[in-house]
Amino acid sequence: MAGDRKPLGLFRNLNAKIAALPMIATVLVVFIGCTLWTVVYSFTSSRSLPMLNFVGIDQYTRLFKSSRWMVSVENIAIYGCLSLVFSIVVGFILAVFMDQKIRFENTFRTIFLYPFALSFIVTGLVWQWILNPLGIEKVVRDLGFESFNLPLLTDRSLVIYAIVIAGLWQGTGLVMALMLAGLRNIDEEIWKAARVDGIPTWKTYVFVIIPMMRPVFVTTLVLIATGIVKLYDLVVAMTNGGPGISSEVPAKYVYDFMFAWANLGQGLAASTVMLTTVLIILIPWAMLEFGGRKGRAG
Amino acid sequence: MAEATAIQTRSHAHTEPWGAKPKRMFAPSTIMVYGVLIVAALYYLLPLYVMVMTSLKGMPEIRLGNIFAPPVEVTFEPWVKAWSQACTGLYCEGIRTGFWNSVKITFPSVIASILIASVNGYALSNWKFRGSEVFFTILLFGAFIPYQVMLYPLVIITRELGIFGTLTGVVVIHTIFGMPILTLLFRNYFASLPPELFKAARVDGAGFWRIFFQIMLPMSLPIFVVAIILQVTGIWNDFLFGVIFAGTPNFPMTVQLNNIVNSVQGVKEYNVNMAATILTGAVPLLIYFLSGRYFVRGIAAGAVKG
């Protein structure tokens, strides 16, 4: 692909480099530069303005002593575990059922996937309305169950589950679509062989198909997991962290400290912890996925 | 028993093209499959149904009635109010301000991000240079970094450039964060085209831009459609960048919606809130229902290969 002559290294393929300039700038300035900036300044005592007076790990000790942060971490752990398990299990089961050569497959797919087109704000507000006292609670009470309570949005220990319900409603369709694509990639021969051997369908799924779909599961897992860390809009729309601080999440902690309370150091330390968490998820996956077969990026 | 039937149904479907006998429609496994799918579909449809029903009722009916009941008296007043009178703080101009702001943000962001990413993906697939793969890999990893990590430095940068709190600012931010996924999309697409086309054009003496405009672009309409769908829904649904970078007069629809519904002042008007919520969700929903397979392809391309 070299030019006619042998020009200087930098000018070889110049157009491509010009075309790639926005990408190079984004990578260097935003993804590398901004991330490093945040990590460095998380070790300072910056308040409303960033300043380079280093205080060691002070911000981090304060962070992990803060009940607000600990509640946020606990919430994201609950939300994360439940939405990982349920969206993968439910998504897979729905995909298996969708794969039974059913009629109206497109209709079902459209229905399962439409919430994914909606924003977290819309999702949060709808579920806020359904779960409020005038919603399902009132319906059940009107049916004659006078003492029925569904305090999902008002009970401090339950509110995170309300967010899980809304999050699952929004995201499970995507998992289903990914799993269905994975199932469709399985060679029909596998099914024929399993049938010849007389293996029951469910056993074929559990012992043959699922192990074969390992890459799909891993990718889905990584996708959901990195999405979980970013959880923000849904909480803002649905509960705004309340009641009290009982549905706070890390991303909201970062935003509040940076932009609402002008305590930059705290916000940056919290965001660095978020980054570390993502790296802990991402690096083993990247090594598994790309470590073995070099040269095939993407 | 159920499994056995399922296997039989499958084997019939494969070995005998003329298919299963009609009565199999009522086999226990078939009933179970449809049963589960229908129950799940109802669960997924319920919030949409509740939204629409609530938005068509008057407030007295909402207080007395049940959220699942269809309206006794259909009224479109909540819709009118949500569009042109609902209040955020002191301003009562309805959600239409947010709607037009979102339009003003979405259009340039979609165009800018797709232009940049398509050329970029083309360069990465056909004109690899030293280090291009390294940058690309970091770009992909960047897609996984939580936005919160890069937010504050970006605030400083945009402020220094004088575009913080402006439409330009939020468009630039959307372009930056749309880059990983779009570049991946375009790179993979261009790489999947037959390399002979590119080589033939090279032999005929066409250069970088000429090949892009005359050979690659005419063949890549589908991937542009996928990219547009991906970006329009993604940017329309954004909340975080809008609230930080757009500035109060330019708040997108999602931000304004949240301000209307979750404002503490005044009596809560659930019907108006739901009408505003539907209006905010309408654009991505419309795109989703119209585009169907392209939407699925977009998220699958973004997701599976990420």
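Every residue number used here counts from 1 along the chain in the order it is shown.
Every residue gets a Cβ built from N, Cα and C, even glycine.
Features reported for this protein in TrEMBL:
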TRANSMEM  A:21-43  transmembrane segment
DOMAIN    A:73-285  domain 'ABC transmembrane type-1'
TRANSMEM  A:76-98  transmembrane segment
TRANSMEM  A:110-130  transmembrane segment
TRANSMEM  A:158-183  transmembrane segment
TRANSMEM  A:204-229  transmembrane segment
TRANSMEM  A:268-288  transmembrane segment
Per the Cβ under 8 Å criterion, with at least 6 residues separating them from its ends, the transmembrane segment (A:204-229) contacts 76, 79-80, 83-84, 87-88, 91-92, 96, 171, 175, 178-179, 181-183, 186, 190-191, 194, 250-251, 274, 277-278, 281-282, 285, 288-289
Within the same chain, the residues 6 or more beyond the ends of the transmembrane segment (A:268-288) and with Cβ under 8 Å of it are 35, 38-39, 41-42, 46, 59-60, 62-63, 69, 218, 222, 225-226, 229, 250-251, 253-254, 257-258
Sequence-distant residues near the transmembrane segment (A:110-130) by C-beta distance (under 8 Å, 6 or more away from its ends) are 94, 136, 153, 162-163, 165-167, 169-174, 176-177, 232-239
Tertiary contacts of the transmembrane segment (A:76-98), defined by C-beta under 8 angstroms and 6+ residue spacing from its ends, are 105, 108-109, 112, 160-161, 163-164, 167-168, 171-180, 182-183, 205, 210, 217, 220-221, 224-225, 228-229, 231, 249-250
Tertiary contacts of the transmembrane segment (A:158-183), defined by C-beta under 8 angstroms and 6+ residue spacing from its ends, are 75, 78-79, 82-83, 86-88, 90-92, 94-96, 98-99, 109, 112-116, 118, 120, 123-124, 126-127, 131, 151-152, 209, 213, 216-217, 219-220, 224, 227, 231, 234-235, 238-239, 242-243, 246-247
Per the Cβ under 8 Å criterion, with at least 6 residues separating them from its ends, the transmembrane segment (A:21-43) contacts 50, 52, 54-57, 59-60, 264-265, 268-269, 271-272, 275
